[in-house]
Amino acid sequence: MTISNTIPITPELIAGHGLKPDEYQRILDLIGREPTFTELGIFSAMWNEHCSYKSSKKWLRTLPTKGPRVIQGPGENAGVVDIDDGDCVVFKMESHNHPSYIEPYQGAATGVGGILRDVFTMGARPIAAMNALRFGEPDHPKTRHLVSGVVSGVGGYGNSFGVPTVGGEVEFDARYNGNILVNAFAAGIAKSNAIFLSEAKGVGLPVVYLGAKTGRDGVGGATMASAEFDESIEEKRPTVQVGDPFTEKCLLEACLELMQTGAVIAIQDMGAAGLTCSAVEMGAKGDLGILLELDKVPVREERMTAYEMMLSESQERMLMVLQPEKEEQAKAIFVKWGLDFAIVGKTTDDLRFRVVHQGEEVANLPIKDLGDQAPEYDRPWRECGKPAPLPANLVAAPKNYGQALLQLVGSANQSSRRWVYEQYDTLIQGNSLQLPGGDAGVVRVDGHKSKALAFSSDVTPRYVEADPFEGGKQAVAECWRNITATGAEPLAATDNLNFGNPEKPEIMGQFVQAVKGIGEACRALDFPIVSGNVSLYNETNGVAILPTPTIAGVGLLPDWRKMARIGSANDGDKVIMIGLDGSHLGQSVYLRDVLDSREGPAPEVDLFAERRNGDFVRSVIRNGQATACHDISSGGLAVALAEMAMASGKGLTIDLDECKGAPHALLFGEDQARYVLTVPADVADFVCANAEGAGVPFRRLGTVGGDALVVGDLIALPIQQLRDTHESWFPDFMEGRGELAAE
């Protein structure tokens, strides 16, 4: 059958599909003829960064992905990690950045929908969600509109679907003015012996379309997600998908019910590049060809072309390879749930991806070259220069320490996120044990009296910009520390690597060095990367975002009754710092928000100290000796103490007389591998003796009690004043009140 080409393939059309001239030449060499318009769209979708990872694949292979608990690492819809008793946790984080900037509500909502599908495609029931959000500076004219839309979209979809949002991040910086970041995380629980993969097996088997009908929404979405923005941004609004969480809930239940029947050979959700990507991935992974008949695809719009059907990113859709004898049983399940079920093709043995529409073959391409043998680049990169050292004695001390602390806890980036997370259902399913606002979200595992999972998401972009290698290490270390601070054992992580244009050697250098740092930290902390996502070209008019390699992790609590919270201290408890005295002010929020400076190097991450100190803290919590615990990160010791006091409603009397160094470095330094513990007075000596025996540095800081945070003669702030300052920034900002400077 000859393939006729009705639309001329011009250089402008090729460039409009995000394909470079040498990539188009590669297509001509591969197929020996000019591609059809539909084929051009298929190559464009499969060879862009979003689907092929062509600029990042070389470096992602260097990450540690295996461990004693890892059941499934990268390459599937989500990672799978053993949590004992025949159960496993299935999780992943991925970005929906570009759509969320163009259409914040739907962009964020469908980001949540997509990540939930990745989890339940594997056979897991979602139990927790998180999101890491980055916006432009607060006084930028679009920021409030974007915050409102994204938060509503995340909440609207997650709440309706019925999954608790248990954690996340929200930060502001001028470098996100033109490209916000929406990184969505989901985790689910499955049986370890009942995981479903996307690799097709067997020739001549039916390829089945499941879920909602196909429309024109999202056509070209994957290509848009692999491009820089410019003034034509508003024209891209039609490429944003529209989500329906109630359909997705039905799809979840139908899929899990179908998976019980033994009918499913392979299953893949339709995400980026829709039907194209899901069909190609299933076939290429299984070394099979796929034949699709588009006339059988359920559509909700008239006169859709083959190009539109292949590249539509309509939501709530799945593709499956089915046991033929179970067809009627499978169809009955989907009809019961009010969803479409259509056999749209079959597996073949010719390694071709063939598409037929209205009796005409509109695509006939080598499937491996679209899938796992797509182009891969070793892009040129250069190391980033590092800022000069910044000794603490060269950094000005505040005139008023109490005022400086209030400035930090009431700033755009350190203030309470209550306004955000109160719009999310944090309690649905009835298993949430720790809600947003602490170090990590904690969710009980259904059916077990004591087992729970801890979740955290972290990155400090200002560190990554100053030193991508140390910043990559720090993102992993802080995530590991936040999980540890609940008493959980960190099991594994997922990464969401957000960067600018990889064709610029300095941006590619940030990426390469951050990945090297992430890899080193994951190896040192036994914290493998089991899934992830890369989002490149986050630039507008040549201005790149801050490099933002978000790390989300999962930890296991064998007994949640012994977990620690940040606000559970009792009157009379002793306050102990684990780790060294603060000394590092480079790239600190004190420097940025109080002194309006971005100088100095990122703090160094001593991974041996992280491991030693964290393992000790976890043992104290699991032995039932800690009443509260908090890791020390942005804002240093002062902000950590303030957050613990605000969370517990109990004052702290702190004495720094034994500490060595300048007071502003002790209080606001952001040295790593540090925690604040509170322990009952009668076990304080025992805990300190154990720390000494384990070679863990510690400092006795003071006592819990009263209604104020008192630090020597430097700070004396009533908890209520701290709370009022901490809680007011976000509502004031969203209602357009007060001073809204980000810095």
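Glycine is treated like the rest: Cβ placed from N, Cα and C.
Features as listed in Swiss-Prot:
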- HIS50: active site (ACT_SITE)
- HIS96: active site, proton acceptor (ACT_SITE)
- TYR53, LYS92, ASP495, GLY532: ATP binding site (BINDING)
- GLU94, ASN533: Mg(2+) 1 binding site (BINDING)
- SER95, HIS96, ASN97, HIS98, ARG117, GLN241, GLU313, SER314, GLN315, SER535: substrate binding site (BINDING)
- ASP118, ASP269: Mg(2+) 2 binding site (BINDING)
Any further residue of that chain within 8 Å (Cβ to the Cβ centroid of TYR53, LYS92, ASP495, GLY532) of the recorded ATP site: LEU60, PRO74, MET93, GLU94, THR494, ASN496, LEU497, ILE529, SER531, ASN533, VAL534
Nearest of the binding-site residues (SER95, GLN315, ASN533) to ASP269 (Mg(2+) 2 binding site) - Cα to Cα: GLN315
Alpha-carbon spacing, SER95 (substrate binding site) to TYR53 (ATP binding site), which is rounded to whole Å: 14
SER95 (substrate binding site): secondary structure state under DSSP, collapsed to three categories: strand
Three-state secondary structure, which DSSP defines for TYR53 (ATP binding site): coil
Secondary-structure category, per DSSP, in which ASN533 (Mg(2+) 1 binding site) falls: strand
Secondary structure of GLU313 (substrate binding site) (DSSP, helix/strand/coil): coil
Which binding-site residues sit within 10 Å of TYR53 (ATP binding site) - Cα, from ASN97, GLU313, GLN315: none
ASN533 (Mg(2+) 1 binding site) CB neighbourhood, other CB atoms within 10 A: 22
Binding-site residues: GLU94, ASP495 - member with fewest neighbouring CB atoms within 10 Å: GLU94
Cα within 10 Å of ASN533 (Mg(2+) 1 binding site) - qualifying recorded positions among HIS50, LYS92, ASN97, ASP495: HIS50, LYS92, ASP495
